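The structure appears right after this line, and notes come after that.
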Number of protein chains: 2
Amino acid sequence: MINIAILGYGTVGSGVVEVIKTNQSSIDKRAGKHINIKHVLDLRKFPGDPVEEILTDNVEDILNDDEVKIIVEVMGGVEPAYTYVKRALLSGKSVVTSNKELVAKHGAELLQIAKEKNINFLFEASVGGGIPIIRPLNQSLTADEIYEITGILNGTTNYILSKMADEGRSFEDVLKEAQDKGYAERDPRADVEGYDACRKIAILSSLAFGMQVDYEDIYTEGITKITKKDMEYAEKLGCSIKLLATSKKIDHRIFARVSPVMIDKEHPLATVNGVFNAIFIKGNVIGDVMFYGKGAGKLPTASAVVADIVDAVKHLNRNIVSFWSTEKMSLMDLKDVTTQYFVKIHYENFEKARKEVENLFGPIDIIQLDKKDQEFAFITPEESEGTLQEKIFTLKEKDDITEVGSLIRIER
Amino acid sequence: MINIAILGYGTVGSGVVEVIKTNQSSIDKRAGKHINIKHVLDLRKFPGDPVEEILTDNVEDILNDDEVKIIVEVMGGVEPAYTYVKRALLSGKSVVTSNKELVAKHGAELLQIAKEKNINFLFEASVGGGIPIIRPLNQSLTADEIYEITGILNGTTNYILSKMADEGRSFEDVLKEAQDKGYAERDPRADVEGYDACRKIAILSSLAFGMQVDYEDIYTEGITKITKKDMEYAEKLGCSIKLLATSKKIDHRIFARVSPVMIDKEHPLATVNGVFNAIFIKGNVIGDVMFYGKGAGKLPTASAVVADIVDAVKHLNRNIVSFWSTEKMSLMDLKDVTTQYFVKIHYENFEKARKEVENLFGPIDIIQLDKKDQEFAFITPEESEGTLQEKIFTLKEKDDITEVGSLIRIER
């Protein structure tokens, strides 16, 4: 038998208890030992709940209990999670967490402590919810040099974009519905501004490239400015609009970005809809692989946490090696990365506006939904973001251009 | 340093050499040791090839070399691979293989020997080429009771079906082109009759359900009867036709089948096109997950083989547990499994034919491409395959029905 303790009895914590109870016998068989939940930490009371008897509001009961070998941290947020997890590791307890803020911020250090102590710090659930991605990155893609990771890493924004595309509704309208249904938070910024996806791609990049990628360094743009009309243009171009978190190796340098992208419908990520997440990886020998599943939710996330618990039991005093050094990776300046933009132009005189655009960008294909709108769109040639932004700035100054809008990156 | 030997210098074998050379330093870092290819077994000579110096045509040079700790079997076929692999394992050498015939037939026994010897028998590349699926099944989905695995497991047939759908061409036409391009074998039966997919789903089912699933017991139907017209009907129904290998748990019993299926275009498997493979898994807590990538090809397959070599190095004298007992699983009779069929009817008198169909199946929706063809299609209600087949047999006897065709299973 092995004793574990769970820090936090919220959605994921109660999911972990439920998953262990539901599949106890097969989980014990896989782990090779009976897994016993000895303590659950939460400041709240849960009268009548099965965990009532093992509930404590004092973390010392857990950290000082020598019988507890594995701690499951599912509180979220950097503090006090960081303090508890670090103390647990230093005292020789393995830690499993679903906490992306903690992992993005302190993953390298906590992995290092686990290595020194010959125990484990595991965080499969911190990215992609139930989707196996951390373990495949560490253990399955070991023959490859990875040069691209691109993911749909946030279910809320993918749900909103899917609904906007399918039902021709506005961002605000779908967001409100998602909030009413409980799919989106009352304060939706962490999702819709891309902050959540940013932390997750920081974790994946750090693991894939072996150095610390600070999430603060990653250019992050949300989906709040995407309009119904953008969706119509995307459809016309044979594209879907997705919030993509991406990280690429270009000539031994790394760049990372979170932003909406118009992506060709033939791309495997384009058909990932609703609350599903997917992570697309390119390796120099394996080619393209993709991992797809529920990126959030009580039971899928708990499934990943429990799979980590099983691994921690199987490797009680044996560190599972991963390569993520504390050395900081300096990312490429976004300005130096080439891309193509989808750009919308409002005009009073079509021919004059077109001429201004072509003076800057060369010959363009005009994409137009309805002439009455006095608006057309075009796709820029592939140039560095710096050059493109300068040209767009120049365009905005022109008298014959009433307005320049959208600026969505496009990959076809 | 660790010495390995490769049995077979064909497509996969030369791919393994290439992958190790290409990514030697990162692979060595992941493995924690320098990986040295000491021998390559092949009856052919390769003058001028880098492996010329380490080439042998005598397997005894390898099996009797105590310095060789890991053997990579990439010859294919059951014999002599089975004899060599068994001898290697019995003499304490770990084995990595890409050989689906060997694994489907003798996997349980070879895993058992590896376990007794505290070494490893690894076969990630035997299913899904480069796609990580065996390791995720064994190590990532450990919190779940798996109740369905459905895969596109054969790239050649998926390429053919994708081309037929996209270009409105016949099976024979696309097959010939695939053969000319080298995508399909001169004798294409292993692919187009579903035998290859059958062995792969046997391996996945055995691992997911923990008992020996014999591939000979799996109902297997190929794609040779799929017509251009079937593709048109599928399109009209909002479906793709895919060769699906599936295995499901129904009330504690397992059924498995390989057959073409009309699958709703919204299903993640429906958009897996060309030579790509994908494996879709349902677990009782994780929900739906899918793994996508190149199912074949020199480098993707070699990538999976080399990832197994790295794992074998990391676990030299430590068995990685997997659950696949030699106990035989008796599969459900296909006749007892419920499904829906897409059925095509030729008639002389529409109303009479429709009446015959409705007498047997109840009210149906008529699907018709062109009245001039004197043909319509319908979808049966969900019933056991046994009942459906009896009804179809009865229908064929009716005077007002000229011909009953297609009978493609449909999942919407």
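Just so you know, glycine gets a Cβ as well, placed from its N, Cα and C.
Here is what TrEMBL says about this protein:
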- A:L7, A:G8, A:Y9, A:G10, A:T11, A:V12, A:G13, A:S14: NADP(+) binding site (BINDING)
- A:8-124: domain 'Aspartate/homoserine dehydrogenase NAD-binding' (DOMAIN)
- A:K100: NADPH binding site (BINDING)
- A:132-310: domain 'Homoserine dehydrogenase catalytic' (DOMAIN)
- A:E185: L-homoserine binding site (BINDING)
- A:K200: active site, proton donor (ACT_SITE)
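Everything TrEMBL records as a feature, shown here on the structure.
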residue : record                    : Cβ within 10 Å
A:L7    : NADP(+) binding site      : 25
A:G8    : NADP(+) binding site      : 24
A:Y9    : NADP(+) binding site      : 21
A:G10   : NADP(+) binding site      : 13
A:T11   : NADP(+) binding site      : 17
A:V12   : NADP(+) binding site      : 27
A:G13   : NADP(+) binding site      : 25
A:S14   : NADP(+) binding site      : 21
A:E185  : L-homoserine binding site : 13
A:K200  : active site, proton donor : 26
Item to complete: Count the residues of the domain 'Aspartate/homoserine dehydrogenase NAD-binding' (A:8-124) that DSSP assigns to helix (H, G, I), to strand (E, B) and to coil, and report the three numbers in that order.
Response: 58 helix, 21 strand, 38 coil
Worksheet item: Among the recorded positions listed here (A:L7, A:T11, A:S14, A:K200), which has the Cα closest to the Cα of the residue listed as 'L-homoserine binding site'?
Response: A:T11
Item to complete: Give the sequence-ordered list of residues that share a chain with A:K100 (NADPH binding site), lie 6 or more positions from it, and have CB atoms under 8 Å from its CB.
Response: A:S126, A:V127, A:D196, A:R199, A:K200, A:I203
Discussion item. Quick check: with A:L7, A:G8, A:Y9, A:G10, A:T11, A:V12, A:G13, A:S14 left out, which same-chain residues have Cβ atoms within 8 Å of the centroid of the NADP(+) site Cβ atoms?
Written reply: A:I6, A:G15, A:V16, A:D42, A:V74, A:M75
Discussion item. Mean pLDDT across the domain 'Aspartate/homoserine dehydrogenase NAD-binding' (A:8-124), rounded to an integer, is what?
Written reply: 97
